[in-house]
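Chemist: Below is one structure. I have some questions about it.
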Amino acid sequence: MKTYNIVIASDDHSGYELKSEIINYLEQKSLKVYDCGTNNTQTVDYPDYAKKVVDIIIEKSAPIGILISDTGIGMSIAANRSSEIRAALCHNMLTAENAKAHNDANILILGAKTIDYKIVFDIIDKFLTTKFEGGRHNVRLLKIK
């Protein structure tokens with residue numbers, strides 16, 4: 001699955017444990033992961049952690065990121081404030097696939113309290129390996145840029 005060499009992972013306090021599992025999973029797949037999230041479960045402000053990933057992607061230091069919070073909603077709002085970011089809150093394989101194929105998403109957002117842990121790695125794999133289809137989808141993306 002070596003679609004991306006670098007994946008950025010960030011989280012707030014609610015996503016710390018899931019982020020740790022995700023990083024281990026990605027590293028086992030020989031992906032380089034930069035962790036710019038919290039390192040414990042003490043309360044932090046999610047916009048600060050979303051901004052870290054957004055800034056790194058905008059600077060082109062990494063092509064793709066993963067953000068994790070309790071539901072993912074706040075992270076989605078915070079990350080999508082930039083026109084260069086297409087952050088997608090995904091709950092299953094279909095949303096992960098469409099996020100990439102139709103929307104060229106560059107940040108996957110997961111809700112630690114809402115995601116089915118049995119399929120979280122499948123969702124990540126689908127997100128990382130699906131290619132943007134372009135065509136009519138590109139026309140639509142240009143309208144919201």
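Note: Cβ is positioned from N, Cα and C throughout, glycine not excepted.
What you are looking at is a predicted structure, and each value in this text was computed from that prediction instead of being measured.
Swiss-Prot lists His102 with the feature active site, proton donor, giving similarity to another entry as the kind of evidence. Annotation source Swiss-Prot lists substrate binding site at His13, Arg136, citing similarity to another entry.
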Chemist: Quick one, of the binding-site residues His13, Arg136, which Cβ has the fewest other Cβ within 10 Å?
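Modeler: Minimum Cβ neighbour count within 10 Å, taken over the binding-site residues His13, Arg136, occurs at Arg136.
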Chemist: Can you give me the Cα-Cα distance between Arg136 (substrate binding site) and His102 (active site, proton donor) in Å, rounded to a whole number?
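Modeler: Cα-Cα, rounded: 9 Å.
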Chemist: For His13 (substrate binding site) and the residue listed as 'active site, proton donor', what Cα-Cα distance in Å is obtained after rounding to a whole number?
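Modeler: That separation, Cα to Cα, works out to 31 Å.
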Chemist: How many other Cβ atoms sit within 10 Å of the Cβ of the residue listed as 'active site, proton donor'?
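Modeler: There are 19 of them.
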